[in-house]
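**Student:** Starting off with a structure, shown below.
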Amino acid sequence: MKFDNKNKPKGVTRLFLALGHSLRAFKWLAKNEAAFHQELILLLATIIALPLLSLSFSDSVVILCATLFVMFAEIVNTAIEAVVDRIGLELHDLSGLAKDLGSACVTIAIVILGLVWAAVLYNYFFS
């Protein structure tokens with residue numbers, strides 16, 4: 001297949017098409033990826049909890065961004081898994097490594113979220 005850069009949509013049309021692709025991806029993730037479904041619940045719980053804690057605006061934004069970063073890492077991990085599975089389902093060291101690296105990204109994102117929550121709550125209760 002030859003790549004044709006001349007017929008690609010441009011401007012606002014391109015943005016709307018990209019948004020459509022993203023919405024399709026979010027719908028697929030919510031329906032098919034258990035971890036992403038759990039992270040959506042975490043996001044909803046975070047959105048509900050933040051106003052109840054009366055945190056500063058900047059603390060709330062940092063927590064929200066850290067929560068979204070976990071979801072970002074999960075999306076990247078799922079994309080890696082999809083590509084590896086598309087290439088082949090047979091066991092291979094590099095396929096396993098790719099999936100493990102994607103999982104490590106999610107783990108680091110979760111640790112970051114935990115550290116952010118710990119720092120914000122420490123300042124909230126002890127400062």
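The backbone N, Cα and C atoms fix where each Cβ goes, glycine too.
TrEMBL lists these features:
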type	residues	note
ACT_SITE	GLU74	active site, proton acceptor
BINDING	ARG14, ALA35, PHE36, HIS37, GLN38, GLU39, GLU74, SER103	substrate binding site
BINDING	ARG14, GLU33, GLU81, GLU90, LEU91, HIS92, LYS99, ASP100	ATP binding site
BINDING	GLU33, GLU81	divalent metal cation binding site
TRANSMEM	34-55	transmembrane segment
TRANSMEM	61-80	transmembrane segment
TRANSMEM	101-125	transmembrane segment
**Student:** Restricting to the record's substrate-binding residues (ARG14, ALA35, PHE36, HIS37, GLN38, GLU39, GLU74, SER103), give me the longest CA-CA distance in Å as a whole number.
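**Tutor:** 31 Å is the greatest Cα spacing among the residues binding substrate.
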**Student:** Restricting to the same chain and to sequence separations of six or more, state which residues have a Cβ under 8 Å from that of GLU81 (ATP binding site).
**Tutor:** LYS99, GLY102
**Student:** Please identify, from the recorded positions GLU33, GLU39, GLU74, ASP100, the residue with the sparsest Cβ neighbourhood, meaning fewest other Cβ atoms within 10 angstroms.
**Tutor:** ASP100
**Student:** Does DSSP put SER103 (substrate binding site) in a helix, in a strand, or in coil?
**Tutor:** helix
**Student:** So of all those binding-site residues, PHE36, HIS37, GLN38, GLU39, which one's Cα sits nearest to LEU91 (ATP binding site)?
**Tutor:** PHE36
**Student:** Taking Cα-Cα distance, which of the binding-site residues ARG14, PHE36, ASP100 are within 10 Å of GLU74 (active site, proton acceptor)?
**Tutor:** PHE36
**Student:** Could you check the binding-site residues GLN38, SER103 and say which one's CB has the fewest neighbouring CB atoms inside 10 Å?
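**Tutor:** Taking GLN38, SER103 as the binding-site residues, the minimal 10 Å Cβ count falls on GLN38.
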**Student:** Select the most exposed residue of ALA35, LEU91, where exposure means the fewest other Cβ atoms within 10 Å, treating these as the binding-site residues.
**Tutor:** LEU91
**Student:** Spatially, which candidate from the binding-site residues GLU90, HIS92, ASP100 is nearest to PHE36 (substrate binding site), comparing Cα atoms?
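**Tutor:** For PHE36 (substrate binding site), the spatially nearest of the binding-site residues is ASP100.
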**Student:** Given the binding-site residues GLU90, HIS92, ASP100, state which is nearest to HIS37 (substrate binding site) when distance is taken between Cα atoms.
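**Tutor:** Checking each of GLU90, HIS92, ASP100 against HIS37 (substrate binding site), the shortest Cα distance is to ASP100.
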